[in-house]
Every structure is written in structure tokens, then in C-alpha cells.
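Have a look at this one.
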Amino acid sequence: MSVHPTLRFLATALVALGAGAALAQDAPRLTGADRPMSEVAAPPLPETITDDRRVGRNYPEQPPVIPHSIEGYQLSVNANRCLECHRRQYSGLVAAPMISITHFQDREGQMLADVSPRRYFCTACHVPQTNAQPLVTNEFRDMLTLMPASNEAE
């Protein structure tokens, strides 16, 4: 039985392509020494600063950082542990700063009797202060350091 030369060529080409695909699976990775899904130990979490001192802000409208640990705080649709101290009626009892008046405004600027739902989840903007080292060099400069001295006299 004779096989047509075209079929023989196609069969050989398919075998060669299959072998090439199998070899391509073992191609060197471009991501370095570790395989992409390898298990690597996570670095330790940075220590939370818990001195309860307010930290200065670097720019207007910067959300203040949280100067205490919030580990274990419940923050869900049903409960917000932050409001137990920072809500208007409780802040004086525990010497905690009251949440900003802007947290009582809706999108249109209308004042509400309680915290606006869009401001309810505190950790969307506020984070605990830690002693973590920056991952990149911080080149932020305050606006006052960028202004020429001649503008300050005006």
C-alpha cells in the first residue's frame, strides 16, 4: 500500500509541530529565578505605630493616618468600630478627634444627620501608620518649598 507523498509530508509536519510545542513548554522563564507560581515566604508586616500622636499632613485634603492599631476592628455594612470613638456624640468622651464635617455630606453637598454611606468605610482613605520603609524614593516636596521667596512677601 502506497501513501500519497502529500499525506506523508502532512503527517511528518504534524509530528514535527507537536514535538516543537512540547519543547516550547520548557522554555526558560523571563521572570527570574523563581517560577511564577512558586511559594515564597511573605515579608513580615511592618510594625504599627501605636503612640496615639496625630501625624502632620503633607498636603491639603490628605486623609489623616490612624495613629493606633485597628487590628481586630469590625468594619462592615453592619458595624463600624471606628465610629464608637470618632462619631460626633462620642468623641469628647474618649478624647478622640471627631470625624470631619465633610463625612456628613452627600454627593450634592447636602448635610446628613449621620455619616454619609460613601464615607462609612474609613479604611478606604485612612490607613494605620507603620514604620514601613518606602518601596521607592519619596521625592515629594511641599508646595511652600517650591514657591520662590518673592511670592511669600506679597
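Including glycine, each Cβ sits where the backbone N, Cα and C put it.
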Check Swiss-Prot for me: it has Cys82, Cys85, His86 binding heme c 1, so pick out which one of His4, His68 it puts in that same site.
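So, going by the record in Swiss-Prot, that would be His68.
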Where among the binding-site residues His103, His126 do you find the Cβ with the fewest other Cβ atoms within 10 Å?
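Among the binding-site residues His103, His126, the sparsest Cβ neighbourhood within 10 Å belongs to His126.
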Are there residues of the same chain, six or more positions away from Cys122 (heme c 2 binding site), whose CB falls under 8 angstroms from its CB, and which are they?
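Correct list: Leu75, Asn80, Cys82.
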Could you tell me which of these binding-site residues, Cys82, Cys85, Cys125, has the fewest other Cβ atoms within 10 Å of its Cβ?
Cys125
Within 8 Å of the centroid of the Cβ atoms of His103, Cys122, Cys125, His126, which other residues of that chain place their own Cβ, given that this set defines the recorded heme c 2 site?
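What remains near the Cβ centre is Pro63, Cys82, Ile99, Arg119, Phe121, Thr123, Ala124.
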Write down the Cα-Cα distance for His126 (heme c 2 binding site) and His68 (heme c 1 binding site), rounded and given in Å.
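On Cα coordinates alone, these residues lie 12 Å apart.
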